[in-house]
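Straight from Swiss-Prot, the features:
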type	residues	note
BINDING	Y13, R30, R46, Y47, S54, Y125	Fe-coproporphyrin III binding site
BINDING	Y13, R31, G32, R33, H183, K188	N-methylmesoporphyrin binding site
BINDING	E20, R46, D268, E272	Mg(2+) binding site
BINDING	H183, E264	Fe(2+) binding site
Amino acid sequence: MSRKKMGLLVMAYGTPYKEEDIERYYTHIRRGRKPEPEMLQDLKDRYEAIGGISPLAQITEQQAHNLEQHLNEIQDEITFKAYIGLKHIEPFIEDAVAEMHKDGITEAVSIVLAPHFSTFSVQSYNKRAKEEAEKLGGLTITSVESWYDEPKFVTYWVDRVKETYASMPEDERENAMLIVSAHSLPEKIKEFGDPYPDQLHESAKLIAEGAGVSEYAVGWQSEGNTPDPWLGPDVQDLTRDLFEQKGYQAFVYVPVGFVADHLEVLYDNDYECKVVTDDIGASYYRPEMPNAKPEFIDALATVVLKKLGR
């Protein structure tokens, strides 16, 4: 039986490939407005603090490659071909769709490397992909909208949290707080009934219950530099408040809204949150990110096949 050929569009935020890319990358995020010199320097300093340009670009490539390979191994009806489409740097989402079209792909499935749906992120990625496909004609894209509740994905984090708690000294384990977080978005998304905040709360509940952790809280991180109010509480403020209320000896951070080691995790968690835990005299823990680990790739493959009714 011959296999059907299908495009696998893997979308992500994107990251600079080298230091010279930082300004144009930041300008794209700011919708064509160049950043002020001090804003640009601040971003460069953050990258410098994590040891240079974030590994995200390489990790995204590995995730897409491994997902293609795994999908082609676990079923025999479809041959998937992966294409990477990024929001803020090349290859842009439109570039990936054009590449699929050029390769004669007529059907594709898309997945965003962000587990929770929001109008601000996932919906805009899928919209860009579908608009480009319609413009070119002859290409239909089926889009995954969210996958935070995929049992295999939840299990990935449950296992990491259990390992982290098992590694703690007993006195810390009995006095630890789990903080589950995602990228903050402007508060106005709530006016449109955006499910994003509820999905993060559901994620936190699934992970905490699965790991047998009763002391947990939900926080937001990495908010943008705009005058609008953003979803809170911020993880750093939350850490201080929880410490003042209960005097926790250890904080465990699970940035479940992210799937890879990049600036938001390596700087906003591993540096900024650790500054807070050091200041209050508590221990800092942050389990390993999914990156391209086999159990995470298997979770994504399961999500894709379920979306296609297989």
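For all residues, glycine too, the Cβ spot is worked out from N, Cα and C.
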Query: In Å, how large is the greatest distance between any two Cα atoms among Y13, R30, R46, Y47, S54, Y125, the listed binders of Fe-coproporphyrin III?
result: 26
- prompt: Under DSSP, is R31 (N-methylmesoporphyrin binding site) helix, strand or coil?
  reply: coil
Message: I'd like to know which of these binding-site residues, Y13, Y47, Y125, is least surrounded, judged by other CB atoms within 10 A.
response: Y47
Message: Within its own chain, what residues at least 6 apart in sequence put their Cβ under 8 Å from the Cβ of R46 (Fe-coproporphyrin III binding site), listed in sequence order?
response: L263, Y267
- request: Work through the binding-site residues one by one (E20, R33, H183) and name whichever has its CA nearest to the CA of Y13 (Fe-coproporphyrin III binding site).
  value: H183
- prompt: When DSSP states are folded down to helix, strand and coil, where does H183 (N-methylmesoporphyrin binding site) land?
  reply: strand
Task: Looking only at C-alpha atoms, tell me how far H183 (N-methylmesoporphyrin binding site) is from E264 (Fe(2+) binding site), rounded to the nearest Å.
output: 8
- prompt: By CA distance, which of the binding-site residues (R31, Y47, K188) lies nearest to E20 (Mg(2+) binding site)?
  reply: Y47
- prompt: Cα distance, S54 (Fe-coproporphyrin III binding site) to E264 (Fe(2+) binding site), nearest Å?
  reply: 10
Query: Counting only other Cβ atoms and using a 10 Å cut-off, which of the binding-site residues R30, R31, H183, K188 scores lowest?
result: R31
- request: Report the member of E20, S54 (the binding-site residues) whose C-beta atom has the most other C-beta atoms within 10 angstroms.
  value: S54
- request: Could you check the binding-site residues E264, D268, E272 and say which one's CB has the fewest neighbouring CB atoms inside 10 Å?
  value: E272
Statement: Three-class DSSP assignment, Y47 (Fe-coproporphyrin III binding site), comes back as helix
Field: Which of G32, R33, the listed binding-site residues, has fewest other Cβ atoms within 10 Å
entry: G32
Message: In whole Å, how far does the CA atom of Y47 (Fe-coproporphyrin III binding site) lie from that of R33 (N-methylmesoporphyrin binding site)?
response: 21
